[in-house]
Structure formats: structure tokens, C-alpha cells
Amino acid sequence: MEKVREIVREGRRVGKEDPRRVVHAFKVGLALALVSSFYYCQPLYDNFGVNAMWAVMTVVVVFEFSVGATLGKGLNRAVATLVAGGLGIGAHHLASLSGPTVEPILLAIFVFVQAALSTFVRFFPRVKARYDYGVLIFILTFALISVSGFREDEILDLAHKRLSTVIMGGVSCVLISIFVCPVWAGQDLHSLLASNFDTLAHFLQEFGDEYFEATEDGDIKEVEKRRRNLERYKSVLNSKSNEEALANFAKWEPRHGQFRFRHPWKQYIAVGALLRQCACRIDALNSNINSDMQIPMDIKKKLEEPLRRMSSESGKSMKEVSISLKKMTKSSSFDIHVVNSQSACKTLSTLLKSGILKDVEPLQMISLMTTVSLFIDIVNLTEKISESVHELASAAKFKNKTKPSRSDSGRIGHDMPNKSHDDHHRHRVVTILCDVDTSNNVDQSHGEISVDSCHHVAIKIDDDDSIHEKHEDGDIHVHTSRVSCEHTNASDLLVSGVKKN
């Protein structure tokens, strides 16, 4: 009785993880019930006989969880059965011309040659990825048709019935898979990639609190819970096989939603590979947190500000990428965070060159430099990931973000007063929000920055209350200068001085 309860609990758990599994079970049952009519209906049984069992076998082996997997297996089985059946009939005909004595010898040679060659072809990577099941069915069908023909007089009738029942079983699987609660492998791959971005973003955004905050005795349980939550990134490390399988299945699927037939699934694999590289660095960072060589907090604090920024901005970049993927829109908002993380990386480099760690012990220095090196790798990988996602968005023809209305685009921003100790001066921050086109950020010939290519520009305006005169046209004169960042595609704008006349 206890085992029955355990099985029931396990079934509930599996069903709750993905309710589509329950629906898939009903779909398989429906397909099997339909093809069983070959046996239950006497006219159909009289026409196909025992060969009707091939329709049932086809449903059992072809019906997969996703539409792409079912289509791939169905087409592989149908084509392999057709080709192998034709070759099997040809081999039987050639062998029969040689007489009853030589015929079995020739049939054995034909079976040996095709089985050996087909098995060797299965080792080819491309064949293994997409056509392995078809080659396997080809070997089986050729052997059955050619060998059965030696004892069966009506070889053509046998091949026709087997091919017909296989096609009927495969068509039943495909139609039910597509039109009854379809599960698209392409959609699953897309969602998996976005989820992996979320997972890594969560770790990077929470890493600063885990690394730089001292643990008190009363908070041990809370810290352990937070660490287990951070270790969700390990699912990204093990996602390669799942991603490749989903991409392979997605190539078979027809157009659905925003996914075209020739959607760039290979680019998803490329982005996923970069994410796993980043997850490897994160795994090393997590191991560094839990290592026996713990660095004193006062030493960590010396590098806290740039390391926190590098971690936080990289996490924000991945979070923005995840949002862009979920909405399937082109976006450059994550490029801003990439630039910020690179800026923090330069700040960290300046700190290290200043000799701030000259009093640190060698072993502690090694551990700290390991953390710094891993963070620099993560920042560089974040930039590569950003570029790869841009390529994916262009190849997949993601929609552009909705542009702001004319009234919004004409408005400079919000005037935010900021009181200071000096009554004669007030500061205001004006934020200009513009759409980004990173391809033409700077007019090199004139050294000017186009307003249309800005990201977010913060302008500080000093108002001098002692000056009561205003310019007749009411213009505010803004003087800006550009500071370039190495290895980036964007620019930081610094306000050298803004005065209201």
C-alpha cells in the first residue's frame, strides 16, 4: 500500500512539473485507439490483414512529446520504409533471376552490404543528428522485405501493405500532434534560453551581497537558503544536450507563431554555448565563496565598489536580454549595462595599479585575483553574448521596440530639483531618452555626437539665483564632451558644464 501511495505522489509531482505530459499521454492513447480500428473493423482487417500491426507499432515508436520530434521521426520512418521497400523488391528480383540455388546467397550478400554501409553511415555527425532513426528503419525494412520475399510469393502486395500501414500510423501521429494541444520544440528552446539568461542574471545580481556581507551566527539558515537559491545556475551547465535536441526537432516544425520554417536555430545554439561559458566562470566564483581560503572582509571592501558594479551591471544586461527574448523585440538597452560593467572594470584596474593591495598576504592575493580574473572574463563574455543576441535578433527578424510618440520624443525630460547647502546654487538633472542606433553613434568627420544615437544622457544644470537675466530665446546651452571606452560599441557622455543664461 505504501508503494502505491509513493507512485501516486511521484505521478502528481511529474504532472505538476509540466502539465503537458498528462495531455501528451492522452494524445498517444487517442492515436493508438484510432489505428487499432485496422483490427476492430472487419473490412480494414480483410484488406490489410496482420500487416495492420505495423500501424500500431508506428504510433508507439513515432509519437514523441513535441511536434518537431514527431514530424522528424514520422518522415524518417516513411521515407526509409519507401526507399528500403523499393530496394528490397529490386534485390529480390535480381536474386530470383540467378536461380533457386544462388538466390539465397545473393540475398544474404545484399543484406550484408546494405547493413554494413548503412551502419557505418550512422556514425556521420549530420546523419546521426537528424536521420539516425531513418537509417535504422531502412536497415530493418530492407532486411524484412528482401528476406520475406524468399518465402512470400506476393512480394509487391506485402511491401504495399506495410508501407500503407506505416504511412497511416505516421499521419495519425502528426495530425494529432499538431492539432491537439501542440507542443512546439522551437518555443521550448526559445523559453529555455530566456530562462537561462534569467538564472545567470539572478546569480550576478545577488553575488555582491553574498560575497561582501559578513555572515552572522543567527543568519546561517537564511544564508544557506540563499546559497541554494544562487546555485540554480548549475542547470545552465547541463543544458547543452537539451538545447541541441530541441534545436534539431525545431528544424522539422512548420511555421508557428513568430517562428518561421527556416528560423535561425543554430544561432540559439551559439548563444547557449556562450551562456555555458559564463556559467562555468560563475561556478568557479561560487566555489571561491565556499572555499577554505576566506579573504578578510576589510580586504574585500577595498575592491567592493567596482566588483559590485561589474556583477550588478552584467546581471542587469542579462536580465534585459531575457526580457528582449521573451518579447521577441530588438533592443539595445542591455548594451548600456555592458558599457557600465566595462567602465567598472577600468575602475578596478586603476585601483589595482594604485597599489591598494600591497599589504595583502600572497595566498589571500591569489584568491582575490582569482575572483577579479573571473569577473573580467564574465564582463568580456557579457559583451560577446550581447553581440550574439543582436545577430540572433537580426536573423530571426525580431520586431523593433515601439517608438515613443511625437509628443514624448519632443520632450527633453523631467526637471528634478536637488537642494544644496549653498542657497545660491541649485542642481537639476535632465534625462534625455532616445532610441539607440549604435551603428552611427558618432560623426567622425565633425567630432560631434548625434542626438538620435544617445542612450541615456544625464545633464546637470546649475542655476545661479543671483543672475536674474535670461536669454531672450530661452535656450539652454549644453556643452558636452565624449569619452570613449575601449572594447565597447557605445560612448559615455560627461557634462563639462551647463549654464542657464
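Cβ coordinates are placed from backbone N, Cα and C, and glycine is handled just like the others.
Listed features, source TrEMBL:
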- 405-423: compositional bias 'Basic and acidic residues' (COMPBIAS)
- 397-424: region 'Disordered' (REGION)
- 21-40: transmembrane segment (TRANSMEM)
- 52-71: transmembrane segment (TRANSMEM)
- 105-124: transmembrane segment (TRANSMEM)
- 131-151: transmembrane segment (TRANSMEM)
- 163-185: transmembrane segment (TRANSMEM)
Positions on the same chain near the transmembrane segment (52-71), where near means CB under 8 A and six or more residues out: 20-21, 24, 27-28, 31-32, 35-36, 38-39, 44-45, 77, 162, 165-166, 168-170, 172-174, 176-178, 182-186, 188, 246, 248-253, 256
Annotated stretches the transmembrane segment (21-40) and the transmembrane segment (163-185) touching (3 or more Cβ pairs under 8 Å): yes
Positions whose Cβ lies under 8 angstroms from the transmembrane segment (163-185), at least six residues beyond its ends: 20, 23-24, 27, 30-31, 34-35, 38, 48, 51-59, 62-71, 74-75, 77-78, 81-82, 85, 246, 249-250, 253-254, 256-257, 259
